[in-house]
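Take a look at the structure set out below.
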Amino acid sequence: MSAAEGPLVVGVDTSTQSTKALVVDVSTGRVVASGQAPHTVTSGAGRESDPRQWYDALCEALRQCGEPAREAAAVSIGGQQHGLVTLDERGEPVRPALLWNDVRSAPQARRLTEELGGAKVWADRTGSVPTASFTVTKWAWLAENEPESVRATRAVRLPHDYLTERLTGQGTTDRGDVSGTGWWASATETYDAGILEHVGLDPALLPRVVRPGEVAGTVRDSHDLPFSKGTLVAPGTGDNAAAALGLGLLPGAPVLSLGTSGTVYAVSRRRPADPTGTVAGFADAHGDWLPLACTLNCTLAVDKLASLLGLDREAVEPVSNLTFLPFLDGERTPNLPHASGVLHGLRHDTTPGQLLQAAYDGAVHALLGALDLVLDEDADRSVPLLLIGGGARGTAWQQTVRRLSGRPVQVPEAKELVALGAAAQAAGLLTGEDPAAVARRWNTARGPVLDAVDRDDETLARISGVLSDAAPLLERSPEAH
Ligand SMILES: Nc1ncnc2c1ncn2[C@@H]1O[C@H](COP(=O)(O)OP(=O)(O)O)[C@@H](O)[C@H]1O
Ligand SMILES: O=C(CO)[C@@H](O)[C@H](O)COP(=O)(O)O
């Protein structure tokens with residue numbers, strides 16, 4: 001491998017299942033070194049992770065990067081959105097973080113929506129109608145269920161803020177990630193004092209929102225990290241906003257990400273405000289907007305079915321009359337937090353491979369249904385759908401998206417677009433360039449385009465039919481019987 005041509009930067013993706021770090025050459029975009037370390041997430045009623053584990057995973061991922069990480073001139077952290085991190089007066093977690101896919105705050109989401117004027121008011125005010133994923137509902141859940149934790153809290157952070165602060169010693173966030181809290185007014189781009197007061201959260205506990213292109217801080221003394229004191233730290237952002245940067249996304253280009261969460265999004269110049277709540281009106285990390293829909297059940301649900309069936313995840317067979325709604329974790333799109341998986345159409349001649357294909361179909365159906373709402377009305381529908389996330393490596397995922405979308409599908413060769421986006425943000429601090437332009441210069445979206453095939457409308461209609469017929473079942477938790 002040849003020596004780096006330019007300065008080096010580090011981009012980090014601290015997502016649900018693991019932390020990944022890349023050392024990238026600013027001149028060429030070449031990934032010089034990489035590392036990855038897993039996280040654990042609780043199972044059962046809630047989804048929690050200890051933030052200290054994210055830091056340990058960051059240190060391990062950087063250790064795997066070796067010497068090049070020591071040469072980095074700037075670093076940036078992208079991370080799973082929405083998680084509620086509560087810190088005490090020493091900066092230690094009061095309790096494990098409540099993650100984006102923890103649905104226990106569904107009653108608080110419903111209640112807050114009603115108490116503050118309904119879905120349209122929330123959408124106009126914050127860009128989004130809060131579901132159980134949003135940080136504000138988790139804070140309300142904590143206040144109701146663990147008031148002692150709330151009393152002990154001296155700082156409230158998102159996952160990427162937590163790691164950034166471990167680097168700099170300063171409490172900061174950015175417009176992309178803060179737009180997923182539910183307490184940031186997207187119309188004014190400031191914390192919403194009324195919402196904070198309503199949920200009893202002192203604004204003094206919140207981080208400073210760093211502007212795009214601004215330095216969040218510099219690395220302080222640290223024995224665990226390879227960085228020199230004074231290394232520049234970029235604002236970082238939520239993982240979806242980081243991937244948008246990492247793709248150098250221009251308005252109108254749709255992305256479908258297949259990871260622990262499934263997401264569909266596009267950059268838009270218009271501030272989103274969807275009163276149905278399907279589309280979250282996030283800000284992006286660079287001054288535009290990122291309308292996005294997210295499902296809770298994506299790669300993990302399909303992998304669970306493959307493992308229950310004892311199949312390789314690629315061992316699918318064509319399906320005709322079998323429908324699986326893969327809502328193993330409850331669901332957010334559609335908003336059915338208490339739902340569980342539903343199977344319809346099982347016969348004596350159903351094969352395991354058909355069951356597995358039905359799981360892929362169910363997961364992709366939910367995402368594609370939201371795609372039209374995410375895109376501006378004038379968006380060009382022949383533009384390829386960019387397929388990213390761990391699942392994008394899988395042939396069964398690629399073919400399912402192709403068949404059910406009827407669109408051309410482009411699969412970037414670059415594997416870690418969140419970490420690359422973070423790296424592009426760090427590079428932008430050094431060169432003064434727009435990070436999305438850095439990513440375009442690096443040609444990160446390069447990859448094969450799979451031609452469009454005829455859309456499988458029959459399967460889409462069948463799944464929509466089962467979804468609507470199963471509505472009463474999906475509203476209630478199986479544990480409630
Ligand atoms: N070759 C592959 N084919 C299909 N799916 C894959 C492949 N490699 C990884 N995955 C899926 O990718 C998921 C992890 O994706 P990733 O985007 O890294 O998740 P997250 O960012 O949510 O932690 C795993 O759950 C796994 O199912
Ligand atoms: O909640 C959302 C978006 O609103 C999720 O997309 C999380 O940001 C988690 O991302 P992954 O770990 O699946 O990448």
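Backbone N, Cα and C atoms are what each Cβ position is placed from, and that goes for glycine too.
Quick look at what TrEMBL lists:
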ACT_SITE  Asp239  active site, proton acceptor
BINDING   Gln81, His82  substrate binding site
DOMAIN    9-246  domain 'Carbohydrate kinase FGGY N-terminal'
DOMAIN    307-427  domain 'Carbohydrate kinase FGGY C-terminal'
SITE      Asp13  site 'Important for activity'
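The structure, with features from TrEMBL marked on it.
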residue: Asp13; record: site 'Important for activity'; DSSP class: strand
residue: Gln81; record: substrate binding site; DSSP class: coil
residue: Asp239; record: active site, proton acceptor; DSSP class: helix
Cα separation, His82 (substrate binding site) to Asp239 (active site, proton acceptor) (Å, whole number): 10
Between His82 (substrate binding site) and Asp13 (site 'Important for activity'), the C-alpha gap once rounded to whole angstrom: 15
In sequence order, those recorded positions of Asp13, His82, Asp239 whose CB lies under 6 Å from ligand 2: His82, Asp239
Among Asp13, Asp239 [recorded positions], residue with fewest other Cβ within 10 Å: Asp13
Separation of alpha carbons, Asp13 (site 'Important for activity') and Gln81 (substrate binding site) (Å): 11
Among Gln81, His82, the one of these binding-site residues whose Cβ has the fewest neighbouring Cβ atoms within 10 Å: His82
